[in-house]
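Below: the structure, in structure tokens.
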Amino acid sequence: MDSWVCDGYRDCADGSDEEVCPSPANVTPASTPTQFGRCDRFEFECHQPKKCIPNWKRCDGHQDCQDGQDEANCPTHSTLTCMSSEFKCEDGEACIVLSERCDGFLDCSDESDEKACSDELTVYKVQNLQWTADFSGDVTLTWTRPKKMPSASCVYNVYYRVVGESMWKTLETHSNKTNMILKVLKPDTTYQVKVQVQCLSKVHNTNDFVTLRTPEGLPDAPQNLQLSLHREVEGVIVGQWTPPAHTHGLIREYIVEYSRSGSKMWASQRAASNFTEIKNLLVSAQYTVRVAAVTSRGIGNWSDSKSITTIKGKVIPPPDIHIDSYSENSLSFTLSMDNDIKVNGYVVNLFWAFDSHKQEKRTLNFQGSMLSHKVGNLTAHTAYEISAWAKTDLGDSPLAFEHVTTKGVRPPAPSLKAKAINQTAVECTWTGPRNVVYGIFYATSFLDLYRNPKSLTTSLHNKTVIVSRDEQYLFLVRVVVPYEGPSSDYVVVKMIPDSRLPPRHLHAVHITKTSAVLKWESPYDSPDQDLLYAIAVKDLIRKSDRSYKVKSCNSTVEYTLNKLEPGGKYHIIVQLGNMSKDSNIKITTVSLSAPDALKIITENDHVLLFWKSLALKEKYFNESRGYEIHMFDSAMNITAYLGNTTDNFFKISNLKLGHNYTFTVQARCLFGSQICGEPAVLLYDDLGSGGDASAFQAARSTDVAAVVVPILFLILLSLGVGFAILYTKHRRLQSSFTAFANSHYSSRLGSAIFSSGDDLVQCGFKAENRQRSP
């Protein structure tokens, strides 16, 4: 360390740390005896005023002499470079992870990691994390509360993982108590466990964990129990079996129980391995035998019971299993025995496994001596083991085995998510195949989940499960019809206490450019006292957050968020101040409006765009932000970014004849085009006419009207004049003809006679015409 250089001690093997030290006259040689007014070999002498300080304070980065002599001519500190995710100690001696900055522990030798700690920098870490296990298999964690941690607004979360795995699983405590009982861990397994503090929306990360070994659990049942008679000694049964598929610990011994037919009493004996001899039995009597494994936790599940009759020389052979056919979801087989043995029935077990937690089993019982049977509801591309034995009057036969792998492709396991939504309800959602029936399985311990779970079924991909209050639950889901498919990974859920329910129906009532009005309902109806709500606002673009608090005893609460950014994206989280479950929404504020009066002026070799300043109508816009201009060429179908400017005009050159362009001007985009203003649009063609879209359309409409209306008016006027002339001529012609006819009227004949050479025309007139004649 730098502070060890020139401190009077030879720390390097070659003594180079004490060579060429500054101000040698001020340091008393080791051979010089201490004199009055001088410092000893372990001290440094300050000049103004004279005083002695320990050598280790020399060149430690802090001025201890009034004149600063102790920090003069010091060797250069190391050039240690820290990563962006690390904090560099002020003395330059070490880099620490950021989560160790302001965590209450001194990690830097100069204590600089715990200096100038603000609320935002402070990291709360639990201390003295310890664990104990009880006989039931539960693991109890205890820890010490971090210093100065506000317990009213912070809770603890437990993280755990099996040694060798990389992903942490989370168990929320919903509490600020400094202890937690884990009931969901797998027996006889090594885990890494850590406890982290969460205060409102901030999680205080830690890399400190403890390694623990969970207690042993109860083992599974032994498999494939086989009984036979001793070849030489009468009244002795020989038994052997296969150890359990999952022992959940070290098997100390086996317990073998046997009972004579007709008796309700069971006798027992111990076996050190998977073999035993039961002696001193009655001859010609039938006995039933079963076996269980023992760990430090206790006796596990019993195996299938088998029976045998102690008649010497009577040997029962195993049955014959013949696989007739198999497909993706079924298989057919035939069971048979020798004809000289009377068979009362068969017991068939199907074994298969999808994961390391459980061996699946299905048991079938049949009557009769010869049997053909088809088993359905199987899973594609899965290996099955078939074990069968016959039941006879002399007892059970030895086991026969057969193996088969179904055809097809195994379906994927569902992906499950589960979360508590109140004191007794868990919302489960998952992905997986459709048009099938799913089974949801849940229990309060790992062993119960795979041995004796509670369950329900649904054809949907979501289900709300009602459970007991204040418990830890493990959930998994799998297809159960038309096949028994692989199960999802189990998910752990801690039920929410009454006092930590989330606010209800959070939504945004009104959103503007810089504010948002939120509304929600209290966690329960008609609160009898003020409830403290914590509101966390996470800026999804700037990657920052801030928190607010509000008190209210109303059933409905309304709150206005101010100082938001136009066009910003935010994640809003509302929860009770005691760190209840949260309700959250995401909102996007209104963007800045488009610039007004976008116009264009055409010059010889370029065009100029003009617009009004946004600052005239947007008080939240600063001219220093500027504008950005884009262009769309419809002929080339290309959009181009032309640049940005802080002025209210922009010059554009190199436009091509015969092309139509669309220009847009908007407030300059920020944060990788995540925050932009609304664009103003201008259409422009190669003739040089331009205007914004609406103005352009309006101008075209105005031009058409200016031409069409006068033409229509002239046409109508011409038609009117024509009709007037025709009418006038018609009246004149009619008057002339009437006068002429009256001049040729014959009162004797009552008509007018006209002659045009060869023809004679006689016309009769109406009375009114005659009467008007002179």
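Glycine residues also receive a Cβ, built from the backbone N, Cα and C atoms like all the rest.
Per TrEMBL, the disulphide partner of Cys74 among Cys59, Cys65, Cys89 is Cys59. When TrEMBL is consulted, the disulfide partner of Cys102, picked from Cys65, Cys82, Cys89, Cys117, turns out to be Cys117.
The DSSP breakdown of the domain 'Fibronectin type-III' (317-412) into helical (H, G, I), extended (E, B) and coil residues amounts to 0 helix, 59 strand, 37 coil. Helix, strand and coil content of the domain 'Fibronectin type-III' (221-313), in residues and according to DSSP, is 0 helix, 49 strand, 44 coil. Distance noted between the C-alpha atoms of Cys59 (disulfide bond) and Cys117 (disulfide bond) is 25 Å.
Around Cys117 (disulfide bond), the same-chain residues at least 6 positions away in sequence with a Cβ under 8 Å from its Cβ are Arg101, Cys102. Secondary structure of the domain 'Fibronectin type-III' (125-217) per DSSP (helix as H, G, I; strand as E, B; remaining residues coil): 3 helix, 48 strand, 42 coil. Around the Cβ of Cys102 (disulfide bond), the number of neighbouring Cβ atoms within 10 Å comes to 22. For the domain 'Fibronectin type-III' (502-597), the model's pLDDT averages out at 87. Summary for the disulfide-bonded residues Cys59, Cys74: the Cβ-based neighbour count within 10 Å is maximal at Cys59.
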